[in-house]
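**Q** To start, I am sharing the structure in question, which I have written as structure tokens.
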Amino acid sequence: MEFSVKSGSPEKQRSACIVVGVFEPRRLSPIAEQLDKISDGYISALLRRGELEGKPGQTLLLHHVPNVLSERILLIGCGKERELDERQYKQVIQKTINTLNDTGSMEAVCFLTELHVKGRNNYWKVRQAVETAKETLYSFDQLKTNKSEPRRPLRKMVFNVPTRRELTSGERAILHGLAIAAAIKAAKDLGNMPPNICNAAYLASQARQLADSYSKNVITRVIGEQQMKELGMHSYLAVGQGSQNESLMSVIEYKGNASEDARPIVLVGKGLTFDSGGISIKPSEGMDEMKYDMCGAAAVYGVMRMVAELQLPINVIGVLAGCENMPGGRAYRPGDVLTTMSGQTVEVLNTDAEGRLVLCDVLTYVERFEPEAVIDVATLTGACVIALGHHITGLMANHNPLAHELIAASEQSGDRAWRLPLGDEYQEQLESNFADMANIGGRPGGAITAGCFLSRFTRKYNWAHLDIAGTAWRSGKAKGATGRPVALLAQFLLNRAGFNGEE
């Protein structure tokens, strides 16, 4: 789908469709008022007859409106003007895209960017419209034999901005929006792949392809089990030893700043391509969704794609920690004591608390990059779902400025996160009689004790942890990967690169 931006009055638009907003109760937006004036009150007369109230989600498609060059006008209900916020704006865009796609409008000029969203500028409105449009049109049908497509799908969308001064920021918004949307799609595609296809080797192949596509700035190295053994990554290796699929760690390095003192930002993604729970096996109900236990790695992959596509002037390293947790004669057991790459020992009390055992070795491994900051992304704990539900990602950090940056990026992008504490009191729950620590700390504060466990391996750099167990995928009828927190991380990196969304 093609996007562009221009500045022009509605009466001069010659398009298949013009999209404008209507507020409750039956109040036209400024552009809709202009069209009403041109058409000698045609639109307002329809509203007076009760054709459209302006409630959120309502639509009215008008054909051959008098004195208007475009074939059709789509009126979209936007609710009460004062109540229009970021969430409702995205819902209005989503409804617009679905209606245009369903009614065969192959192209449209959208004036919804005129809507006032408190604290948001035209760059934000255009970029969010692009991201929302791509999200709305997303489908995962690679493995279906019968693919259903609209007869006349929407192919072109033009966003109107008030004056020519906003054209540059509008074009940048489209550029950024398309790159982020492609990153989200890449993460969702990886997450939705079945575990018999998407294993650690598949993740590694995707990482290599990324380096092939962006060879100017990206190199990929894949570290196998033999090299992990030589590095002392015994905790990571233990998790995968019950599987026939080799554990592989893919390291994607993007260099956008050649300065010698430009330290990299490191992103670490948990990549459990299937998590049965191991010997501490999970219940069978919903176990199919454990293919989503690699959504952290999928998100990191997507973000690395976005960074390379936009050629951001920063250095970023993405690590995909590929692994599979299976029961079997070679599987690790409750009661085992593992020696991590850091030299610290861990008593395994539950083999289903495996993500932290993989991540702890990767967090030690990335010390060699002397990072500016390290952010790990993981579907880590069911406890985080209990704490925050499915709407907000859990955030923990050992560095307040980094945490504040991530929270700000989450608010800017609409991909929200909430900070949880990392108090010393919680560390006591990880005490073990037989090792330096246990891999679980009991039910109370389970998301926090998991973060506390990881914090013991991050003392040499600024670190943040994103627990996406509640936000990485949806269950039920709309089952599928969400691509989160790609938008959050993308905004964080755009901010670091100096693109903070100002006009």
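Note that Cβ sites are derived from N, Cα and C of the backbone, with glycine treated the same way.
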**Q** Figure out which of Asp261, Asp288, Asp293, Asp361 sits with Lys270, Asp275, Glu354 in the Mn(2+) 2 site per Swiss-Prot.
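**A** Checking Asp261, Asp288, Asp293, Asp361 against Swiss-Prot: the Mn(2+) 2 site match is Asp293.
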**Q** Please report how many Å separate the Cα atom of Lys282 (active site) from that of Asp293 (Mn(2+) 2 binding site), as a whole number.
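**A** Lys282 (active site) and Asp293 (Mn(2+) 2 binding site) have their Cα atoms 13 Å apart.
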**Q** Quick check on the binding-site residues: of Asp275, Asp293, Asp352, Glu354, whose CB has the lowest count of neighbouring CB atoms inside 10 Å?
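**A** Across Asp275, Asp293, Asp352, Glu354, these binding-site residues, the one with fewest Cβ atoms within 10 Å is Asp352.
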**Q** Among the recorded positions listed here, Lys270, Lys282, Arg356, which has the most company in the form of other Cβ atoms within 10 Å of its Cβ?
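**A** Answer returned by the neighbour count: Lys270.
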**Q** DSSP on Asp352 (Mn(2+) 1 binding site), three-state: which is it?
**A** coil
**Q** Check the Cα distances from Asp352 (Mn(2+) 1 binding site) to each of the binding-site residues Lys270, Asp275, Asp293 and keep only the ones within 10 Å.
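**A** Hits: Asp275.
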**Q** Compute the mean position of the Cβ atoms of Lys270, Asp275, Asp293, Glu354, which form the recorded Mn(2+) 2 site, and then list in sequence order the other residues of that chain whose Cβ is within 8 Å of it.
**A** Val239, Leu272, Met290, Met294, Cys323, Asn325, Gly355, Val358, Ala378, Thr379
